[in-house]
Amino acid sequence: MNGRLIVFEGVEGCGKTSQIQLCQEWLQYLGISVVVTREPGGTALGLDLRRLLLKAENKTIFNTTELLLYAADRAQHVEEELKPNLEKGNIILCDRYTDSTIAYQGYGRGLDINLINVLNLIATSGLESDITLWLDVDIEVGLSRKRSSGDIADRIELEAIAFHRRVQQGYAQLQASQDKIVRIDASLNKEAVQRMIQTTLSDRLKAWGYV
Ligand code: Z5A
C-alpha cells in the first residue's frame, strides 16, 4: 500500500477535530491528496454503530458489548475506507484508531489489554498507523472545552472523572512504550498546536516522498 495512515488520539476535547481540519487544509495546500475519516462512524454501517455507542440513553451497554461494537466499527472501516485509500496512495487523517480502544476499554473500563490487542489485530488485519499524534491535554481542560462548545454530552463523556483519568493514564503509558506515538502539547492555542503538528509531519512527509 502506498498511502500513509496518520492517527489523532486523545481525551475528550483535546482538539482532534479542529487540528485534523487545519491539517487537511495544509496538506491540500501542499498538493497532497488527503482523506479525513474517524472512528467510530467512518462508514455508513459505522454511523449506525456510533449512534448506538454514544447515545446517552443507552445506559445498559455492557463493557464487552461496547468493546465488540468498537471492533465491528473498525473492521468495517479498515476494509471499506482505510485499505482502499491507502492503495490509492492517499494520506489518511483518522480521528481515533486502535489506541482509543486500549485507552478507553482497556485502561478506562478495565478490560484485558492482551485480549484487546488480539481483537485490534483481528479488526485491522494488522493495519497499523504510520504515526499517531497524541494530543495531550488535562482532562479538566478537555471536558470544559467540550461543555462550552454547547454539544450535548454523549454516553462516554458522561462517565465519572476517574474514568477519564484512567484513559489519560492509558495514553501516557502507550506513548511511553511506542516511538510511533508522538506527544503534542494540546493545552496551547489552536494555531500553536497546529504548528507543532506541521513540524512533526514535515519530516515524515519528506521521508515518505510526498514533498
Ligand atoms: N471511543 C472508545 O471508547 N473506544 C474506541 O475504540 C473509539 C472511541 C474509537 C467518540 O469519539 C467516543 O468514542 C469518545 C471515545 C470513544 N468518547 N467520547 N465522548 P469522538 O472522537 O467522536 O469524541 P470526542 O473525543 O469527544 O471528540 P470531539 O468532541 O470530536 O472533541 P475533539 O475532536 O477532541 O475536539 P474539537 O472538536 O476539535 O474541540 C472541542 C472544543 O474545544 C471546540 O469548541 C473547539 O473549538 C475547542 N478547542 C479545540 N482546540 C482548542 C484549543 N487548542 N484551545 C482552546 N479551545 C480549543
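Positions of Cβ are set from backbone N, Cα and C atoms, glycine also.
Under the heading domain 'Thymidylate kinase-like', TrEMBL lists 8-197. The feature ATP binding site is assigned by TrEMBL to Gly10, Val11, Glu12, Gly13, Cys14, Gly15, Lys16, Thr17.
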Additional residues around ATP, ordered along the sequence, whose Cβ is within 8 Å of the centroid of Gly10, Val11, Glu12, Gly13, Cys14, Gly15, Lys16, Thr17: Leu135, Val137, Gly142, Arg145, Lys146, Ala186
Sequence-ordered binding-site residues from Val11, Glu12, Gly15, Lys16, Thr17 with Cβ under 6 Å of an atom of ligand 1: Glu12, Gly15, Lys16, Thr17
Nonlocal residues around Gly10 (ATP binding site), in sequence order (Cβ under 8 Å, 6 or more apart): Lys16, Trp134, Leu135, Asp136, Val137, Gly142, Tyr171, Ala186
Cβ packing number for Glu12 (ATP binding site), 10 Å threshold: 19
Close in space, distant in sequence - Val11 (ATP binding site), Cβ under 8 Å, 6 or more apart: Val137, Ile139, Gly142, His164, Val167, Gln168, Tyr171
Integer mean pLDDT for the domain 'Thymidylate kinase-like' (8-197): 97
